[in-house]
Amino acid sequence: MSAPLKNSDPVTVDVALGDRSYDIVIGRGILPSLGERIAALRPGARVAIVTDEYVATHWLRATEASLLGAGIATSRIVVDEGEVSKSYEGIEFVCEELIKARIERNDLVVALGGGVVGDLAGFAAAIVRRGVDFVQVPTSLLAQVDSSVGGKTGINSPQGKNLVGAFHQPILVVADTAVLDTLSPRQFRAGYAEVAKYGLLGDEAFFAWLETNHADIVKGSAARESAVAASCRAKAAIVARDERETGERALLNLGHTFGHALETATGFSDRLYHGEGVSIGMVLAAELSAQLGMIADADVARIRRHLATAGLPTRLQDIAGFRQEGLADADGLMALMAQDKKVKRGRLTFILLQAIGQAVVSSDVEPSTVRDFLARKLADAPA
């Protein structure tokens, strides 16, 4: 049984997308308000809650109680925990369960969980009956600051991360920071990588604030809500300007070109969480930027130092069993990166750094340069 939630005044961040705009509501102890918020948005709608086994143990009962208290009929769909559910088999299961539950276009799907559940439930909502609205109730730090915002949904392919999906914006995001108390330390750290990302890509002052306040964010003080809100504001602003990732939104993929390849190489397993891959990927992107003469070595050292202080991996050798087949091979990693969603006309696209808080999108890095860079990084790692 989870500890009782203690309320705080919520912060609301608007994702401005015209008639598809929606609110991100952030606060401690706000999960019980979910039912009344949904009832106000969709009177009479039924709700199918999609969650995973771990989250169901902690938060499904409270979520159902909130919905039922607002007079909302509910059903539940529980999937396996982890990336294993973000698959063709996983999306088939959720879609069939939604159809069996007779969820109609005027009903709602509620994604109660971390990034995997949000991506999976959102994709199912996008394609069942050619589109059902959905609400994100993110329960991991990573989901609260990143994956629940912006409408990217989808599943993995054996060929790579997030290669099958759709843009489908939620109608509401309710981020209760109290639920983060049930995360394991490793899960929390993995989510923190995405928080640090916002400072690196466009806000040096925020990165400096994180360096000072990281310990308080971990403790769950008001600094945690501030970090979540600042991250959501940063992402919401970019999404409002570039919803479909035709330009600026690509900056949000800082660290992801390398990181997704590493996740694929490790079989989407517990060897490497998504945020851990992003952490290593951001350091690699910074180091590649330095090699290209774009960023000062002192900035790279500062990035590496803060991520390491936060308990995140920063080197390839930090990955468990990194010498296994498919990881410790530069050509293999290059092949995986060639499947990245940002590839255009066969050329890799990287998010590189000119300084902390100054990121740029580049398709000008020669593949041979990247391959040699990776080969050196792999050779640096002890056997």
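The backbone N, Cα and C atoms fix where each Cβ goes, and this holds for glycine too.
Computed from a predicted structure; not experimentally measured.
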Swiss-Prot records His256, His274 as Zn(2+)-binding residues. Which of Glu194, Glu204, Glu366 is assigned to the same site? Glu194
So what sits near Val117 (NAD(+) binding site) in its own chain, CB-to-CB under 8 Å and at least six residues off in sequence? Val50, Thr51, Asp52, Val55, Val79, Ser85, Ala111, Thr139, Ala143
Neighbourhood of the Zn(2+) site (Glu194, His256, His274): other residues with Cβ within 8 Å of the Cβ centroid, in order? Leu142, Asp146, Ala193, Lys197, Gly255, Gly259, Gly275, Gly277, Val278, Gly281
Out of the binding-site residues Glu194, His256, His274, give me the one sitting nearest to Asp119 (NAD(+) binding site) by CA distance. His274
Among Glu194, His256, His274, which are recorded as binding-site residues, the nearest neighbour of Glu83 (NAD(+) binding site) by Cα: His274
Cα distance (Å, whole number) from His274 (Zn(2+) binding site) to Glu81 (NAD(+) binding site): 14
Sparsest Cβ environment (other Cβ within 10 Å) among binding-site residues Ser85, Ser140 belongs to Ser85
